[in-house]
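*Asks:* Supplied in structure tokens, the structure appears directly below.
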């Protein structure tokens, strides 16, 4: 029997829709006699009170990753009644099995690297053992702490958490089809889709017990003896750094002719040099043609590009890290009328609006730039647009900062030297590079690997790109991002006083270099 609020509620039925019943009878009558009519979220039928599972919100966010939970908070700050639906990972991949736990592992690996490779430099004597299981345990503790912070923020901002898989019944309604809140239905004025992405793999290659994605790898407390990583992007190279510093024999296979193929060529060369010192084998310009999990070992067939000869590698575990695809299936998106791009991503405008005027999309599902900080920025824009508040659009995704947290770190934004010269053949493109070997702070830290590189327009000083390799360079790059965003020139960066001694002086030097008067080189 329909109770008028979208749920079936018979006598003695709790309304949960899973067969549970509650025989209230006289207890209910006593409750009503004492307290009067039941609150709005209860429906009375005879002597039975039924929990009504439909609720309306100003904004519903589908997905609690970095973009989703940030969007929810901003919408709540702007006075909206907000709910967030999440099936598995509050805080998303980033906080649970990505950015955060991996950085904890990398820190442990950096400490191990000092003992393994620089003990004499720092006056360290004696034998030291490293336990990957303990490092892994710390990474899980770090993740749990940060995830707990997300739940705190939801409560602080009076955002309702809904646990389960949300599926669109239509463009205004989402039903929870799996999870703790299964059977609940929510309606909304506006919805923000923040469903993230799914792992890509290679044709003919399936994941198994010993052929894993980043998720299985980061959740595994045991390090293998031999590891093959397919894909030399940020994720592959970060895991290679961690595992190699714990004594794992690591081989990285990359189809492109260099590691970190989306970075400036000089960056790729510097990282390849550093990894070879670690003992990591790099097979660039190689295609992975087949992977066979035999139970006790995994065989990987590779071919050098342009060759018919197949080489077979053996390992205890293989990690596939060849990218992500937008998550657009499994939650009824087809019931909304939302359009996709040719790449299978949700199509959005500069305010994160889809073609359905009350539905927005942010983060990896838009495939604009699949990075957590991009999702956060998009989430704020979407929330402010919904609330009619002033916002600041992302002018150019090309100028968004990105980083690879290996050691030395990589941080970059904008155009590489090659891209800039190809895009603007008639402009005078000026490039300046300054090594960390000439930076006093880096020498003192014994962190002299890497450099800063600035790409700019020679005539006007317009910043076109920045590419950094070195210690903690991800902390340096925002200075250049801010300057570019608000039209500061290379000369103005050069004339900004930088603290001495700091690693950031590298930025001052490359800015001087673009102007034609580098000081300390």
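Every residue, even glycine, has its Cβ placed from backbone N, Cα and C.
Automatic prediction, not curation, is the source of TrEMBL annotations.
Pulled these from TrEMBL:
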DOMAIN    57-379  domain 'FAD/NAD(P)-binding'
DISULFID  94-99  disulfide bond
BINDING   103, 166, 364  FAD binding site
BINDING   231, 232, 233, 234, 235, 236, 237, 238, 254, 323  NAD(+) binding site
DOMAIN    400-510  domain 'Pyridine nucleotide-disulphide oxidoreductase dimerisation'
ACT_SITE  500  active site, proton acceptor
*Asks:* What does DSSP give as the helix, strand and coil breakdown of the domain 'Pyridine nucleotide-disulphide oxidoreductase dimerisation' (400-510)?
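*Replies:* Within the domain 'Pyridine nucleotide-disulphide oxidoreductase dimerisation' (400-510) the tally stands at 39 helix, 33 strand, 39 coil.
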*Asks:* Using the Cβ centroid of 231, 232, 233, 234, 235, 236, 237, 238, 254, 323 as the reference point for the NAD(+) site, which residues of the same chain not in that list have Cβ within 8 Å?
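*Replies:* Same chain, not in 231, 232, 233, 234, 235, 236, 237, 238, 254, 323, Cβ within 8 Å: 229, 252, 259, 260, 321.
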*Asks:* Distance between residue 103 (FAD binding site) and residue 235 (NAD(+) binding site) at the Cα atoms, whole Å?
*Replies:* 11
*Asks:* If I take the alpha carbons of residue 254 (NAD(+) binding site) and residue 94 (disulfide bond), what is the distance between them in whole Å?
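*Replies:* About 24 Å separate the Cα atoms of these two residues.
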*Asks:* Can you tell me the three-state DSSP label for residue 233 (NAD(+) binding site)?
*Replies:* coil
*Asks:* C-alpha of residue 364 (FAD binding site) to C-alpha of residue 99 (disulfide bond): distance in Å?
*Replies:* 14
*Asks:* Hey, which of the recorded positions 94, 99, 235 is the loneliest by Cβ count within 10 Å?
*Replies:* 99
*Asks:* Which one is it: of the recorded positions 103, 500, which Cβ has the fewest other Cβ atoms within 10 Å in this structure?
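*Replies:* Comparing Cβ neighbours within 10 Å for the recorded positions 103, 500, 500 has the fewest.
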*Asks:* To which of the binding-site residues 231, 233 does the lowest count of other Cβ atoms within 10 Å belong?
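*Replies:* So among 231, 233, the binding-site residues given, the one with the fewest Cβ atoms within 10 Å is 233.
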*Asks:* Which residues, sitting 6 or more apart from residue 237 (NAD(+) binding site) on the same chain, put a CB under 8 Å from its CB?
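*Replies:* For residue 237 (NAD(+) binding site), the qualifying residues are 252, 259, 260, 271, 275, 404, 406.
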*Asks:* How does the model score the domain 'FAD/NAD(P)-binding' (57-379) in terms of mean pLDDT?
*Replies:* 98
